[in-house]
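Listed features, source TrEMBL:
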type	residues	note
DOMAIN	7-406	domain 'Enolpyruvate transferase'
BINDING	LYS22, ASN23	phosphoenolpyruvate binding site
BINDING	ARG92, ARG121, PRO122, ILE123, ASP124, LEU125, ASP307, LEU329	UDP-N-acetyl-alpha-D-glucosamine binding site
ACT_SITE	CYS116	active site, proton donor
MOD_RES	CYS116	2-(S-cysteinyl)pyruvic acid O-phosphothioketal
Amino acid sequence: MDYLEIKGGKKLFGSVYISGAKNAALPLIAMSILAKNDVVIRNIPQVADIKTLIKLLQNLGAVYKFENLDLVINTTTINSTKATYDIVRKMRASILVLGPLLARFGHCEVSLPGGCAIGARPIDLHLSALEKMGANIEIKDGYVIARAKDGLKGANIIFDKITVTGTENIVMAAALARGTTKILNAAKEPEVVQVCQILNDSGIKIEGIGTNELTIYGGGGELLNLNKICVIPDRIEAGTYLCAAAIAGGEITLKQVEPNHLVSVLGKLSDMGVNFELGDKSIKVISNAKLSPVQIITTEFPGFPTDMQAQFMALACVANGVSTIDERLFENRFMHASELNRMGADIKLNGHIATVSGVSLNGADVMATDLRASSALVLAALVANGTTRVHRIYHLDRGYENLEIKLQSLGADIKRLSE
C-alpha cells in the first residue's frame, strides 16, 4: 500500500496548475445519461472518484474513451439500470446517477452509497424529492429501487436542509420531467451552478441559477444534445495549495483558477496574515509562515467550505495563538485531529467545536481517515520538524490529481513509497 514520506522545513516557490473540479466533473459525467449524443467533457481530473463513476457507467453499458485528456462518453448504449454495490460502495457521489437514470428509463436500482465516513449524510432528501415528482421508491436488500412508470413530472420541492448532490440530482431529473419543477433551499455552490448552466445551454430553461430558488422547465422526456463541456477549476484543490504556501512559507502562483470561488477561503487566509495578488485566472500567494490564529465556521457556499476545514486546522496547529473551528455541516469530521495531535498538535474537541493552540509540530507516522483529512496531514508535514509518513493515502487519491508531483515541483521534499 502506498504512503507519502515528507520531510518538513522547505519553503515553496513556483507555479502550479489547478485541475478540474472533482465535485463538478462527477455530476457532469452523470448528466451524460440524459444525452442523445457523444458528450465531450474537458479538464477532467484524473482521480479515483472520477474513474469509479466512469466504471459505473461502463457497467451500465455506456462506452467512453479519452482523447487528449478529454472524456468522450456515449450513454445511448446503456442496457442496464442497476448500479451495483461493488462500485457504488467506493463513493457516495455514485448516487448522482439515480435522478438521470430514473428520468430517462423510468426505473433503476442504485446501491446505497459508500465513500468517506463523514457522519450520516443521508440520501433521504433525494428520495423524498423524487417521490414528489411521481416516483415510487423502496429500499430493499441495500438498494434504492425507483420506478416512474409514466415518467417524472414537475413538482415543488422544498429541501429541509441544503444538499449539493441532492440539488444536482433533482435538477437533472427535472430536466427530462414533464412540466415545471421548483426547488426551494437549493444549493448555490459553483458546481451546482455549472450543472444548471450546461442544462440551460442545452435548451432546458432554468431560472434562478446561482440562487437558492431554482425553476426548471422540463423537456418532457426528450433526450438532450449536450455541447462540449469544460469542467470548472477545483476550488478545494486551489484552497489546499493556498494553505500549503501559507503553512510552509514562500511564494507560489496558482494558475487556471477561479478567484471568485475562493472569496471565503482567501478572506480567512488574509486574517491569518497571508498576502495575495489576484489575477483574472490566477492567484499569487506570499507567506512568511508566521500565521495569526483564526476563527472558522463552516457553512454552505458562499460561506466557508467544510471541505477546507481540515486544511485550516493544520494551519491553526502552528499559528501564533488560539484558533476555533466550528463544524456545522457534518458530524464526525474531526477525525484528523487525533492524527495531528500525534505530531504534537494541541487540539481539544468539544462536540462540533475544535479549539487549537498553536505549537511546533514534529514528524510522525499518521493515518489518513478521509479525503480532506489526508491533505491536512500533508500540510502539517510540510512544516513539521523531521520526517512524516502519511499512510492510507488512497483517500488522498480519491480527490487530488498528482498531489505529490505538484508539491515536488514547488520545492517540497515529498515522495510516494510503497510498504
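Using N, Cα and C of the backbone, Cβ positions are placed for all residues, glycine too.
Overlay of TrEMBL feature records on the structure.
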residue : record                                        : DSSP class
LYS22   : phosphoenolpyruvate binding site              : helix
ARG92   : UDP-N-acetyl-alpha-D-glucosamine binding site : helix
PRO122  : UDP-N-acetyl-alpha-D-glucosamine binding site : coil
ASP307  : UDP-N-acetyl-alpha-D-glucosamine binding site : helix
LEU329  : UDP-N-acetyl-alpha-D-glucosamine binding site : coil
Measure from the Cβ of ASN23 (phosphoenolpyruvate binding site) and count the other Cβ atoms within 10 Å, all protein chains considered.
23
Report the nearest neighbour of LYS22 (phosphoenolpyruvate binding site) in space among the binding-site residues ARG92, PRO122, ASP124, LEU125, comparing Cα positions.
ARG92
Within the chain of LEU125 (UDP-N-acetyl-alpha-D-glucosamine binding site), which residues six or more apart in sequence place their C-beta under 8 angstroms from its C-beta?
PHE159, ASP160, LYS161, THR163, GLY166
Round to a whole number and give the Cα-to-Cα distance in Å for the pair ILE123 (UDP-N-acetyl-alpha-D-glucosamine binding site) and ASN23 (phosphoenolpyruvate binding site).
17
Can you check which residue among the binding-site residues ASP124, ASP307 has the largest number of Cβ atoms within 10 Å of its own?
ASP307
When a 10 Å sphere is centred on the Cβ of ILE123 (UDP-N-acetyl-alpha-D-glucosamine binding site), how many other Cβ atoms does it contain?
20
